[in-house]
Every structure is written in structure tokens, then in C-alpha cells.
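The following features are taken from TrEMBL:
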- 63-270: domain 'MacB-like periplasmic core' (DOMAIN)
- 310-426: domain 'ABC3 transporter permease C-terminal' (DOMAIN)
- 559-673: domain 'MacB-like periplasmic core' (DOMAIN)
- 715-828: domain 'ABC3 transporter permease C-terminal' (DOMAIN)
- 1-20: region 'Disordered' (REGION)
- 60-85: transmembrane segment (TRANSMEM)
- 304-327: transmembrane segment (TRANSMEM)
- 354-376: transmembrane segment (TRANSMEM)
- 396-421: transmembrane segment (TRANSMEM)
- 449-470: transmembrane segment (TRANSMEM)
- 708-732: transmembrane segment (TRANSMEM)
- 764-783: transmembrane segment (TRANSMEM)
- 789-815: transmembrane segment (TRANSMEM)
Amino acid sequence: MSDDGISRATGERESRPSRVCQGPCQARRLMALELQRSLAFMSQLLQDVRLSLRRMRREAAFTLVIITTLALAIGATTAVFSAVYQVLLRPLPYRAPEQLVTLYQSTPQRERLGVSLQSLQAWRERAFAFQGLEGLSIRDITLAGDGESERVRAGRATAGLFSLLGVRPLLGQDFHADMNANGLLLSHALWQRRFGGRPDVVGQALMVDDQLHTVVGVLPAGFRFAPDVEAWKPLVLSAEESAGGVWLRVVGRLREGVSAEQARTELTALGAALVREPGFTEEPAGVRLVPLHTQVVEGSQERLWLLAGVVALVLLVACANVANLLLARASAREREVSVRAALGAGRGRLVRQFLVESGMLALVGGAAGLVLAMWGMDLLRALMPPQFVDAEALRLQPNVLGIALVLSVVTSLLFGLVPALRVSRADARGALGGLRGGAGATRGEGGRVVLVVAQVALALIPLVGAGLMLRTLHALSAVPLGFNPQGVTVVDLSLPSARYRDEAVQRALFSSVLERVRALPGVTSAGMASTVPLWGRNGLAPVLLPGEPASQADSRELVHFRTTSDGYFNTLGIPLKEGRAIEAWDGAGTAPVVVVNETFARRYFPGRSAVGQRVQLVLDGESFREIVGVVGDVQHNSLDAPPASEAFVPMGQLWGLHMLLTVRASQDAAALAPVLREQLRAVAPELPRAPVRSLESVVDASLGHTEVLGSLLVALAVLGLVLAGVGLYGVLSYSVSQRTRELGIRMALGATGQHLVWRVVGQGLRMAVAGVVLGIGGAAVLARSLSSVLYGVSAFDVVTFAAVPALLAAVALLASWLPARRVTRVPPHEALRSDD
């Protein structure tokens, strides 16, 4: 066979397997190759994880600082922003909540008044801007049956309220137009607490204010339309009640395409037409519409956004701190990376190692942050007063947690990637040469300095806010109360209206209670009043002087009036300034009298004695009363408002079903409570269990909003300060370690240790000063936004704006001195030999 033939035959034999492997065989080879690569990658990844874990254990201090920083920042951010989302951003849990509005009547003196039943009925019949209008009112009721009687907060609502909101009962049925006033809807909380969540509660008969009611349903767990309301009754529109005052809260649903302003214009025009119609008994009044969401959040919106802004600043400080620490460590590892590169490690492998280390730190820090966030939500629920937010509705929000985790991971990976790319490009010969103070030592130092300056600037802002709030709390604590709360116990008494309609029966019961309580051992004095200072309950009435027309009362600010018994002023320690106090003989059969405070006397009788003058509280059946005494002013409404004009009417001449028993005794409220309840049961066994509180706790609760905001601001500010201090310390510590050779040369040339220490300290102080200069503008913005909650201190308080930079300078001094003192401990000959 010729050579060509042999070649062709051989070629055919050699090419045959190749043709066969071009199909499934080639695919299997490719799959095997991919599997081999994946296994190799996983093996290398596991090796990177093991190396990272080993380094985390070896560098325990560094690891702990990073994880703690991330955990605190993520935990605080997630907790606060979860509260912000839950209260401010989450849509209300009703059908088409953007269409819901709350309606008020208004006068030149008061922007928000309730609505009368007469106006509500007219609006329902003639207003076309609304799909529906429903009314409600809130008051306390006595609930009895299936256990001990108790006072609960209850709402009366017109039949269509729940369907207007789009809320269906969990059990039973909603109110309907044909239902009488004796139906009862239970809140989910009351159903669980009092009835153990039993489904057979529907149809059960209960006594409400001594009248038989039937449970018709149970509302779902998420329904919290009115704070603290645990039961709902039908509000039946009667002609008798229609003639009453403006006591209804009205909720409406706008029609599609109708704005709140269009609806207000229509109701204003309708009101002007109604006052001209015969049979319409109301005075002209304006109309105000407030979106329901605004109504719900307006009490807490400003404070929560402030907290959100501050915690965002703290998160940025934490991210800058983590970035700085990672950059510093990466710079310190340049020689190590160069050695590994010289031994054959690829750039991709080196970068991946840095990313694995950063990612593991971020994940561990995020997991710890999740635990702290759950604890933080528990803390917020415990701290937040009911008026601030609905604490029961606060829940950890997964979307907020996810954003915080992503931010922390991105921060860690980003600032792990940047140094990884830089050191992976490092010149092996320069790094192996071990030259200190060269390019390898100084590279990236400018970026770290910028991050530290940013940390100081960001930390300054919450520190100023915390300082202003501390100054406010100090000023509020120094406000003269006008009474002495120490040793005073307050018992909340409510009489069932059906059984105690007769005033003689009311007088006999309250007199008997006072007599028995005053006879108890350790009781110094006792009295009764319709309300006490800072309790949050007020009676308001216009005032007329003799000879004035009735219209004069409408142009005056309303006066706060209280019904009190004898012994009340003595029990609370309210000083008598002129005349006499209310006495036991000031009863129904005696001349009508009144005691006023100093503000009342100065306002209505300037330059002369108020005692002996006559005034009229414009209330139903009220005549002119003689002023028999003047007492000192007290902080009745709040500590940050000036005292209002007050009038005290004898309990014997103006009775009520709801009174507060005040007792001054040697025992505290906890020890006195069972004794007082025993005396109440002896007089009237049918009374519900009476809440008992110390007056000191009432005063403390009045500071709830300010104390919570101040406490959280201080906590966040301290966290930001610590993080900024750690960042400053880390940068200077790294700088000193990298400049050991340089500083040794300076010492060998005659520089003293003190000179070198101050050289390092000066570097830290310069960074702190730069941060203060940059952050002062942001601090001014925060201070201005806090102005509405400040008291006794201006938003730009000189003391605060001077003390905070001084505090930051002190922290910078300490953070600089700690690494600087190491310079003096290294002998010059060792520093000169230092080559890392």
C-alpha cells in the first residue's frame, strides 16, 4: 500500500472517534468539565470561609468592633423605621382609606369642634360630595356580667360606621339601621381578656351601665379606630339628643373625583342656608375637613420623623466606621497579599478572599442586628405613650429589616472590594521590600481621613438634638407645679347613670365615701374633684360678668371649670391666696359660690380684689355665682403651657357621675389601693373596680412625649459618638503603626516623646474640628425642627452648641492620645529596625 493510502487509512481510523465524540460524548465532557470547575470553586470558597473564620478568631477585637457596629446600627435603624412605617407610611387598614375624612365644625375661637346631631342629619340628607357620613362619640361605661364589673372605654357609633370603613366583624354581625341601642360589639382585645376568646360570646347578655345589652359581634384584631376603645354601642339619633351640643365626631367617605376642598365648600354653603331655616337651632359655624390618615398620625408624625432622621445619621456613621476599619485593615495587609501574589495566587482569588471576609462580617452583624431589632421593638412598645403611637400595632417590618441588611452587606462588600482591588494590584517588589512611610503606607490614608471627618460631622447632629432635649427636660422639671403631688393617691370613681340619676343619691354616696376614707389610719386629708392637675380631663365654659350681653361670652376664651369638694385644696397643697376655700356647707340649699385661680382674677378683675365679685359660667341652668376665694395657679393642662383661667364649683352645687377621690396619706398608692377599694365596696358593692394611681405618676406621665423623645435621642447620640470615637481611634492607631519608622527617626534626631504625642493628637483634633465645622449646619437644621417640643431653651442654645463640640473634642483627644502614647514606649533603635 502506498504511503498516501496508509495515511488516508490511518487518518480515517484516527478521525472516527472524533466524529463519534462530537455528539453526546462532547456534551458529557463539557458537563464533567463544568462540574469539575464548580467543585473546585466550592472547594476554594470553603477554604476562603475557613481562612476568614480563622482570621476572625485571630483578630477578635477587630471582628467584635465590626459586628457590634453593624448590629447596633441595623437594630436601631430597623426598630425605628419599622415604627415610622407602621404609624406614618402604612395605609390605614380600611377600604380606600384615601377617601376617608374627619369632619369638624369650627368657630373663630376654636378650629376643631364636634358636630351636632342636627347638623349631621342635615349633611346626610343634602350633601352630595359624600358616599356616606357617620357619627361616633367616646365615653366610659360600666360593664358587668361574666366576671367582676369594670370600667371600659366605649364608642357609640351610627349604624353605618363599620361598613363605611369597610370593616367586617370577626364574629357575629355589624350594627344595622333597625337595631336598638342595646346591641354591643366587642373589641378583639376585650373578647380575649374578659371572655377568653370564646366563640359563644355572641348572643350573651351583659349589663352596661345597669342596662341589659346583647353582644352582637366581635371586631377583628387589627381594628383600632379609636384609642383604647374596647366596646361599641349603636348611636341612635333621637330628637332629644339632636337638640344637644356639638359632641359628635363625624367620619365621611368622599365620592370618587371629589376633593376635600370641594366637600368643605359644599358644607359651608349648606350651613349658611340651614341657619336661615325655621327649626334649625344652631349658631353659624364653619366646617373643617381633615384626611383620616392625617388625623391618626398628626400627634406623632413630627417626633417619629425626627427619630427616623437621627437614626439614619447613626446608620451612616456606622457604615463610615465599618468602611474605615476595612480600609485600614486592607492597607495593613498589602505585604501579605503581595507575598501570596508572588507565590502564584491569582488576582480573582485574592479579591474573592476579601469579599468573603467582608460578607461574613456583614452577615453575622446583620443576624445580631435582627436580634437587637426585635429587642428594640419591645423597648419601643414599652416606652411609647398611647398618645404617641399605638404600641400594640408596632411590629418589626420585614421590608425595613431587608433594606437595613442590604445596606450593611453592600457597605461591607463595597469597602471590602475597593481595598481588595487596590492591594491586589500592589507592587510585590515594593511591598516585599518593607519600606515604611512610602507609597504603600500612605496610600488610601486621605480617604480614611475623609470618612472620619464625615463621622464626626454626622455624630455632631444628634448630639446637639440630645443636648437640647436634656435642657428641655431640666427646664420642665424645674417648673413650679403649684401643688404638692407627693403622698397623694387618686381613685377614679364612676357611677352607673341608670342607678344614680338622682342627685340626692349621688351626694349621699360621695359624702359617705369621703367620711369613711377620712377616718382611715394614716390619712391626713381627702377630697373630691371632677379632675386633677395633668389628668387630661377638662370642663370648659364661657364666662359672663354682670351687665354683659350674652353674646359677649362667645368672644372670650373658654374657662376651665372643676367640681370640687371641701378638703380638695388642702389635700393637693394648693395655696389659698385670698378669701376662703370651698366648705362642706356649700350645698344645693346655699348661695351659689365659686373659687377662682389667680390667672382668672387678674384677667377679669385687674387691679382689684376678685373676692365678692359675681360671674356666670354659661352652662345649662347656671346662674351668677359669688367668688368667695382665690387660690394659687397650678399647671393643670401641661408643664410647658402657662396656667389657664380656672373656676372651682362646689360639688354640692354641681354634681357629676364621674369624680376623682384624692387622698393624702402616709402610705403609697400601692399599699393604699386595697384599703380604699374595700371602703368603696362597703358603700356601694355594685361599683366597678376603681383604678388607683399616685398623683406623682400622673405628673410623670405628663412628660411622656418629651421623655421618650429625649431618651431615644440621647441613646442614638451616644451611639453615634462612640462610633465616631472608634473610627478616629482606628485611623490614628493605624497611622501610628505605619509611621513607627518615621517617628523613630524623629526621636533619634532629638524629638521628645511629648512632642510626638502632641503631633499625633493634633492630627486627631484637626479631624474633629473639620467634622464640627461641616456638621454645624445640619445641627442647626435639626435644632430648628425640634423647636416645637423645646421648653425653656432656644433652638440655637449657646450652651448646647458650645458643649457638644467641646464633648467631641474631648472624645477626639482621648481617641488620639491612646494610640499616640505608644510612640513613647518604642525605643528608637527598635523603631528604626521596624519593617513590618
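Each residue, glycine too, has its Cβ placed from N, Cα and C.
Keep in mind that TrEMBL annotations are predicted by a computer and have not been checked by a curator.
Within its own chain, the transmembrane segment (304-327) has Cβ neighbours under 8 Å at 62, 65-66, 69-70, 72-74, 76-77, 80-81, 83-84, 87-88, 358, 361, 389, 404, 407-408, 411-412, 414-416, 418-419, 444, 447-448, 451-452, 454-455, 458-459, 461-462, 465, 709, 712-713, 716-717, 719-720, 723-724, 726-727, 730-731, 782, 785-786, counting only residues six or more beyond its boundaries. For the transmembrane segment (764-783), the most Cβ-contacting stretch among 449-470, 708-732, 789-815 is 449-470 (pairs under 8 Å). In the domain 'MacB-like periplasmic core' (559-673), the DSSP tally of helix, strand and coil residues is 17 helix, 39 strand, 59 coil. Summed and averaged per residue, pLDDT over the domain 'ABC3 transporter permease C-terminal' (715-828) gives 80.
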